Amino acid sequence: MTQYTLKQAGSLLQSKQISAVELASAYLAAIAEKNPALNGYITIDQDKTLAEARAADERIAQGNASALTGVPVAYKDIFCQTGWRSACASKMLDNFIFPYTATVVQNLLDEGMVTLGRTNMDEFAMGSTNENSFYGAAKNPWNPEHVPGGSSGGSAAVVAARLAPAALGSDTGGSIRQPASHCGITGIKPTYGTVSRFGMVAYASSFDQAGPMAQTAEDCAILLNAMAGFDPKDSTSFEREKEDYTRDLDKPLKGVKIGLPKEYFSEGNSTDVQTALQNTIDLLKAQGAELVEVSLPQTKLSIPAYYVLASAEAGTNLSRYDGVRYGHRAAQFGDLEEMYGKTRAEGFGSEVKRRIMIGTYVLSHGYYDAYYLKAQKLRRLVADDFQTAFARCDLILAPTAPSAAPKIGADTSPVETYLSDIYTIAVNLAGLPALTLPAGFSGGGLPVGVQLVGNYFAEAKILGAAHQIQLNSDWHGKRPE
């Protein structure tokens with residue numbers, strides 16, 4: 001029962017071939033069996049889940065259901081929900097129960113979806129491997145010696161392991177797309193401002209964006225229909241007419257122009273990634289898409305620009321965690337200043353501390369112009385590059401990561417880890433939508449994904465192209481043993 005896609009589960013629930021309680025119980029049983037080894041979930045509340053499932057069954061019986069009523073969903077530990085712990089995988093918020101619900105979570109609750117739990121992540125969404133979690137690293141379900149990616153690694157892992165039909169993630173510099181690639185699932189980062197950030201704990205506010213993660217592009221489109229929309233509680237939310245993100249799913253690829261950035265098809269990609277790209281190019285050609293070369297010359301500068309800007313915003317956003325009103329507080333201190341220092345030293349992990357220090361440094365007197373202001377100018381140049389490219393094409397095909405998932409505990413420096421986001425970060429700098437879909441496997445049997453990037457608010461076009469690729473391939477249908 002846990003092998004269904006989100007769409008299949010919804011159809012079976014609506015036709016009353018299965019009940020929401022039966023489906024939720026099947027997932028809870030699978031989680032109890034597999035999660036201790038996977039560590040994909042860090043919070044489960046069986047009573048709350050089954051209560052939501054019973055309410056969904058009542059709604060279906062009354063004929064008042066949506067296509068998503070009764071379908072289970074997992075939430076990254078960064079999304080608030082009344083009565084649920086959301087710790088952002090940090091000691092700082094360990095056992096903190098939020099008194100309110102994120103808008104995007106409420107949207108799915110209004111549809112009647114059933115909460116399965118909170119998924120593991122890099123602390124405060126800062127990381128690319130899911131090793132920066134206070135609750136221990138999540139494992140890649142294809143090979144537990146490897147990382148699932150990050151920061152939404154737990155969400156990717158539970159969907160790939162069929163411990164949830166879908167999950168929510170957040171993407172600040174690739175945190176939906178990179179773990180989706182490493183775990184062999186589909187995930188989309190929408191245009192910045194498409195999905196409300198209210199109730200999603202902030203890392204870097206001008207980058208953060210929530211998005212769906214599921215087995216297929218069709219599932220992501222269905223979920224995004226429920227997630228997206230204007231929210232007056234979020235000052236960065238776009239006020240636009242409601243869209244149907246499934247509208248292009250049946251549109252053929254014939255005549256669609258696909259841009260291939262010459263900077264992204266480099267010697268730095270592993271053979272596995274090159275093969276995955278060629279697999280996708282062959283599929284696109286076979287369906288009549290036109291391939292054109294484009295250039296994104298500022299890509300090489302996107303990583304330093306991103307880490308200056310995101311760290312500056314993180315340093316500001318995380319200043320609220322001081323032990324005064326909520327969260328961890330040091331047990332022993334002499335005065336208020338010592339309490340602040342000890343609380344933050346004890347509550348934050350090493351990667352979070354590193355980024356806070358970088359952010360404080362680049363915003364300090366004498367360095368603001370040299371780093372922060374220059375990074376903002378680079379951000380504009382990156383966005384301009386994409387607009388130049390989209391004048392020649394409809395969508396851009398690119399790698400998601402330079403290689404398949406690395407091993408847990410791999411001896412890599414922070415800078416080497418940051419470089420693994422080389423192909424995802426530019427999209428966040430520009431605020432564009434992008435989707436990762438499975439496109440092959442490494443020699444070691446690990447999934448490899450590619451990404452499709454579109455212009456602003458082109459989510460339906462991206463999802464349609466991805467769906468057409470998936471209709472003619474089966475990588476998305478593979479699952480770990």
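We number each residue from 1, going along the chain as drawn.
Cβ from N, Cα, C; glycine included.
Per Swiss-Prot, the feature active site, charge relay system maps to K76, S151. Annotated active site, acyl-ester intermediate per Swiss-Prot: S175, in sequence order.
Feature map: Swiss-Prot annotations on the structure.
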residue: K76; record: active site, charge relay system; DSSP (3 states): strand
residue: S151; record: active site, charge relay system; DSSP (3 states): coil
residue: S175; record: active site, acyl-ester intermediate; DSSP (3 states): coil
C-alpha spacing of S151 (active site, charge relay system) relative to K76 (active site, charge relay system), in angstrom: 9
Spatial neighbours, same chain, of S151 (active site, charge relay system) - Cβ under 8 Å, 6+ residues apart: M121, D122, A125, M126, G127, S128, N130, N132, S170, T172, S175, P179
Around the Cβ of the residue listed as 'active site, acyl-ester intermediate', the count of other Cβ atoms that are within 10 Å: 37
Cβ neighbours of K76 (active site, charge relay system) where a neighbour is any other Cβ within 10 Å: 29
